Amino acid sequence: MSTLVQCGYFERGQCQSCRHIKLPMAQQLAAKTQELQQLLAPFVDNAEAQFLPPVVGDSSGFRNKAKMVVLGAAHAPVLGIVSPSGEAVSLCDCLLYPADMQALLHRLERFVQQAGIPPYRVDKAKGELKFILLTRSQVRGEYMLRFVLRSRDAIARIERELPALMAEYPQIKVVSVNLQPIHMAILEGEEEIFLTENTRLEERFNDVPLFIRPKSFFQTNPQVAAKLYQTAREWVADFAPASLWDLFCGVGGFGLHCAAKDIPLTGIEIEAEAIACAKMSAQLMGLDKVQFMALDSTDFAKGDAAQTKPELIIVNPPRRGIGESLCHSLSEFAPKAILYSSCNPKTLAKDLGHIRGYRLTKVQLFDLFPHSDHFEVLALLVKD
């Protein structure tokens, strides 16, 4: 826990993303724990509330996704970021990535050079290749590779060089082009063009098969995420719920860990691609009493579905939290328990202030984002 990660990028002032990388891991965790305890102090005045020990993973080589800005020129491309001083910095050797991912990122720099694709220049609004997005599946070490382009003009060049790349790296299973024509700081556009027959990457956390498609959200630290899902499964099992809701369900990680063949599960997520992935997982697992729907979670809770109230509700919202309206809906449904997984303890605390008739009984910090201010929290609320 006292391990220090030595990062040359940070030392040279080229990248400050891991702002706490100079602190020992134990010190980072202590600061995060203190912040969490202070934010949730108003909700732990009952003797039953437990702050469980934080869950940690490796301090380097843990990240499964790289979002690289493509800089430089067609003959000398750079995958990385613009440093605070304005220079193009290659981040292919970023210590957050496993060694095999670092090697592939270096190969992708050569790929862009061989294909002769001009990087997009924000200052001149010219060029083609904006980003390269690379996602790694830990279960098999396989990859999904996405090229974010301004237009279709460079697709032929990618297709020309792709066979050699995939022969060298057969673990690349999914390749796509995302079209983002707008001159704005937007990561991706609406249109996705697949250059491979396969359109999804398979992952497995614990005994649950999960799938990743280009636009579906997926946890970036598989090692700790697996522990997060397993903990959720154990906490939910204590209540033996007859029915479950999983709101903001993404690809179904929480719900599928907590589901069983005889328990009806309803999963709600606004991103249709993620729902398609969740349905594939449920089918593979032989879960017949599961339905996943691409809807807004707040709207769903206010609709006709509100007449069929579940015994336990899982929520895993984005950083903005679930909001006052959904808090009121959950209070009215009065399930046995609410399991809240949060990536923003500030909005978690705000939401807890709007949920009525429940007491906080368990809290656990999961350090999915070492060296940063961010962390995940699992909070269990039990009906009074």
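Cβ atoms here come from the backbone N, Cα and C positions, even for glycine.
According to Swiss-Prot, the features are:
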ACT_SITE  Cys343  active site, nucleophile
BINDING   Cys7, Cys15, Cys18, Cys94  [4Fe-4S] cluster binding site
BINDING   Gln219, Phe248, Glu269, Asn316  S-adenosyl-L-methionine binding site
Chain-internal residues near Cys18 ([4Fe-4S] cluster binding site), provided their CB is under 8 angstroms and they sit 6+ positions away: Val5, Cys7, Phe10, Leu96, Pro370, His371, Ser372
Cys94 ([4Fe-4S] cluster binding site) versus Gln219 (S-adenosyl-L-methionine binding site) - Cα distance in angstrom: 18
Spatial neighbour of Cys94 ([4Fe-4S] cluster binding site) that is closest, considering only the recorded positions Phe248, Glu269, Asn316, Cys343 and their CA atoms: Cys343
Surrounding CB atoms that lie within 10 Å of the CB of Cys343 (active site, nucleophile), all protein chains: 19
Asn316 (S-adenosyl-L-methionine binding site) and Cys343 (active site, nucleophile), distance between Cα atoms, whole Å: 8
Close in space, distant in sequence - Cys15 ([4Fe-4S] cluster binding site), Cβ under 8 Å, 6 or more apart: Cys7, Tyr9, Gly80, Ile81, Ser83, Val89, Leu91, Cys94
